[in-house]
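Engineer: Once you've had a glance at the structure underneath, I'll fire off some questions.
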Ligand code: HEM
């Protein structure tokens, strides 16, 4: 009897709680003001893992399908996160300009930490990271670049002097190789370039292979590729510690990024540690090596395909040779405007970094071209895509065609809709610090090739390798070459 009484009491209490909740919900729906948030439209997917499946099939495929339906701002539910895409300069300005406390990189780029190592870039607070980016900026100033250019030019001369009078090569492999050598010389320093090149490039290869799509989600998963990455990172640290010690002991100073990082000091006067120097050099190589070699390959492929643009860059080389003879230095490379536009256009069509990400920490609003306003709540991941935005037809005329003249004075399509119309190098607060270095390096290589060889593309025009972390060229790019000296008359 007592038991029955207790059961009844619980039952009645249960009914009361449920009834209260239902009434409360009804009141909130009927009386409370509706949320005023104008949330972006959401990509339709299957429940739970549908968003992940769409994303894994390729973010660009997904954006291509959704942009015409949903417009320039939309959200994808990705497992337990929401990614909001901001496509085009009209809606992406906040992405590029926001302060770190509003939109941060640290969480979304965390997966780099085991590769770059402890104490640098995404492993440190923004205030320290800002100082480390100042070290990058100082190491890439014009006075430093002038010295790097001489090294770039002599690396290119040396490399191509080993080619025969004629032959067939995989241009992609050759340019990749030359860029590793040049980056070693300018960034990692003479010791690595002259004595330790094979060892260090093998270790970088292991670091590279340790950055897989799965590493973005699980950077510490104990898989063989991650174990090799960790071993390589440790070994690189030992190598650079020795090099730094021997430079300091000998009181020697070199003109390379390594030296700049050794000499860098934080605001409080603290010098960089050996481990930080190693980490910053790895970050520089990761930022600049594949991106530049991919861009130099696309530039070559497009120039060889489009004879009128090839003639234009050859003409420019002839004019510069008439003016300066065979000399090539920083200032002469800076005069190569036609070549610059040819590279920039290859990079518009094929930005190697196809998606840029931030994590949002405060609500913000955007207005689309057609006047729709959306509120993006804090907690969303925010994304923009150079690969998609660089081909928007309201900014770039006939966007899929290779047309370097679109950047010439009078057209300047890269500025058509303001600062964020062309975003292969990002922009705003976190715009690429290595852009001038990259252009100089690619110009140094192509001016040498144009002046000394004739080429013919003998494999089909290359396709895009969407599966790579840094999106590049699929397969080989075979060319036939013949040595010649460009006639200036
Ligand atoms: C064609 C070559 C290159 C391309 C396409 C490229 C592209 C980019 C992009 C898109 C960003 C912005 C990332 C974001 O907003 O999340 C970036 C940032 C950066 N890049 Fe490059 N990059 C190139 C070459 C280089 C080189 C050669 C270096 C250094 C030697 C370099 C160093 C950096 C650094 C340090 C940042 C971070 C800037 C910051 O967060 O404040 N890049 N790059």
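For all residues, glycine too, the Cβ spot is worked out from N, Cα and C.
Values in this document were obtained by computation on a predicted structure and should not be read as measured data.
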Engineer: May I ask you to indicate which of 12-31, 32-51 is given in TrEMBL as transmembrane segment?
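Structural biologist: In TrEMBL, residues 12-31 carry the label transmembrane segment.
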Engineer: Count the other Cβ atoms sitting within 10 Å of the Cβ of residue 432 (heme binding site), across every protein chain shown.
Structural biologist: 16
Engineer: Going by DSSP, is residue 432 (heme binding site) sitting in a helix, a strand, or coil?
Structural biologist: coil
